[in-house]
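For Lys167, His286, the entry in Swiss-Prot reads active site, proton acceptor, with the evidence type sequence analysis. Feature annotation from Swiss-Prot assigns substrate binding site to Asn115, Thr165, Lys169, Arg287, His319, Ser371. According to Swiss-Prot, the Mg(2+) binding site annotation covers Lys193, Asp195, Glu196. Per Swiss-Prot, N6-carboxylysine is recorded for Lys193, and the stated evidence type is sequence analysis. Marked as site 'Transition state stabilizer' by Swiss-Prot on the basis of sequence analysis: Lys326.
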Amino acid sequence: MSKKYDAGVKEYRDTYWTPDYVPLDTDLLACFKVTGQEGVPREEVAAAVAAESSTGTWSTVWSELLTDLEFYKGRCYRIEDVPGDKESFYAFIAYPLDLFEEGSITNVLTSLVGNVFGFKALRHLRLEDIRFPMAFIKTCGGPPNGIVVERDRLNKYGRPLLGCTIKPKLGLSGKNYGRVVYECLRGGLDLTKDDENINSQPFQRWRERFEFVAEAVKLAQQETGEVKGHYLNCTATTPEEMYERAEFAKELDMPIIMHDYITGGFTANTGLANWCRKNGMLLHIHRAMHAVIDRHPKHGIHFRVLAKCLRLSGGDQLHTGTVVGKLEGDRQTTLGFIDNLRESFVPEDRNRGNFFDQDWGSMPGVFAVASGGIHVWHMPALLAIFGDDSCLQFGGGTHGHPWGSAAGAAANRVALEACVKARNAGREIEKESRDILMEAAKHSPELAIALETWKEIKFEFDTVDKLDVQ
């Protein structure tokens, strides 16, 4: 051998702690929140994360001499304190692009959040953010259609899309399920959806559901003269079954299908997104299982990372929480990952949880979906927070109306249009929310009843995962 080989164990920081390194534009950058075991220096723990998520192992190995370790290794180039947390710190790591397969989110996550999360030198580890370089983004398919194309397909402009999840989400026969879809769509909603856990159960097989839903959508379109749709969940036991369901939705001339991207997996999701792009189908994405991964403030993966990965893997709509509803998520954090779903460039902004500038180039945007514990009183705040390029989904806030789902849908439609009209007239819709809604209710008995029904319903719990800012 031309180089000397010294067997044994050496400290990670000797190789992977490089504070003088200046990241390249082509590097994939990651920010981890690290909590090491007591007595282990920060630099050693951070370097261990860089090593174990790239080229390193616990021992010096002779085969390192067969490659260019200096070229391929991950480098921890910066360490920062976490505001208000004396135990943890931020480790910023740069990875050369050649470590990752082109267009493969699966491969990126296998490296960054693989075995390193079980490393004994760590008490906790959380992936807070990723900066994907443009050279990698250009290898990803991204959203199969994007916001502009979706609006054209649905012929909906100048306001958020309005939808709901069918309830009860489990237990209905296919025919009764279709009846509920019809009631919601004829009442004024643009879209209805399968819940994340409705696939093909004994009480309702998928083909039966698809057929009755297609009939309901077409009847509602004929009655209202509007384009309607329903998110048909194609998540299945195998990829082959998933594609079979997608093909049948296409045969029924349905405009949009759905996938549970975390439980279904990024490989399946990317494949389905590619199919949708080729077949002119919109793709709605549910984030079931996300909170298992992202809710602990010191361990796991932040949802902003999962949202970025979804935009690259492919989806036209993604659930993001509501801020005001029953699900976890504060306003600034939510706005931070909504920006990364929709904008072409997102600057670093710690007040929104964004640790890096992120350039998305010409990649299409993704509709942010607000769903979970929302009702008509939330409409002004939802419009102010999410803006027009969003989908507002009221499940219980539609079906729980005393007069039924059609009346609940009508109430939500009137409330939305009243808020959009008030905003366009220059009114401060959050401050004037009560006046705006009460004025609209004078001409809508459905809205008046909805306002009375849900006037005391609030979800005022403190956020578990807060931004690390002072």
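For all residues, glycine too, the Cβ spot is worked out from N, Cα and C.
Computed from a predicted structure; not experimentally measured.
Taking the features listed in Swiss-Prot, we show where each one sits on the structure.
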| residue | record | Cβ contacts under 8 Å, 6 or more apart |
| --- | --- | --- |
| Asn115 | substrate binding site | Glu52 |
| Thr165 | substrate binding site | Thr192, Lys193, Asp194, Asp195, Ser371, Gln393, Gly395 |
| Lys167 | active site, proton acceptor | Val180, Asp195, Gly395, Gly396, His399 |
| Lys169 | substrate binding site | Asp194, Asp195, Asn197, Ile198 |
| Glu196 | Mg(2+) binding site | Asn233, Thr235, Asp260, Thr263, His286, Ala288 |
| Arg287 | substrate binding site | Asp260, Tyr261, Ile262, Phe303, Leu306, Leu310, Leu318, His319 |
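Set side by side, the recorded positions His286, His319 differ in how many other CB atoms lie within 10 angstroms of their CB, and the most is found at His286.
According to DSSP, Glu196 (Mg(2+) binding site) is assigned to coil rather than to any helix or strand. Between the two most distant C-alpha atoms of the annotated substrate binders (Asn115, Thr165, Lys169, Arg287, His319, Ser371) there are 37 Å.
DSSP assigns Lys167 (active site, proton acceptor) to coil in the three-state reduction, outside any helix or strand. Look at His319 (substrate binding site): DSSP puts it in a strand. Its Cβ placed at the centre, Asp195 (Mg(2+) binding site) has 19 other Cβ atoms within 10 Å. Under the three-state DSSP scheme, Asn115 (substrate binding site) falls in the helix class. According to DSSP, Arg287 (substrate binding site) sits in a coil region rather than a helix or strand.
Within 8 Å of the centroid of the Cβ atoms of Lys193, Asp195, Glu196, where the record puts Mg(2+), the same chain has further Cβ atoms from Thr165, Ile166, Lys169, Asp194, Asn197, Ile198, Tyr231, Asn233, Met258, His286. Within 10 Å of the C-beta of Ser371 (substrate binding site) there are 24 other C-beta atoms, taking all protein chains into account.
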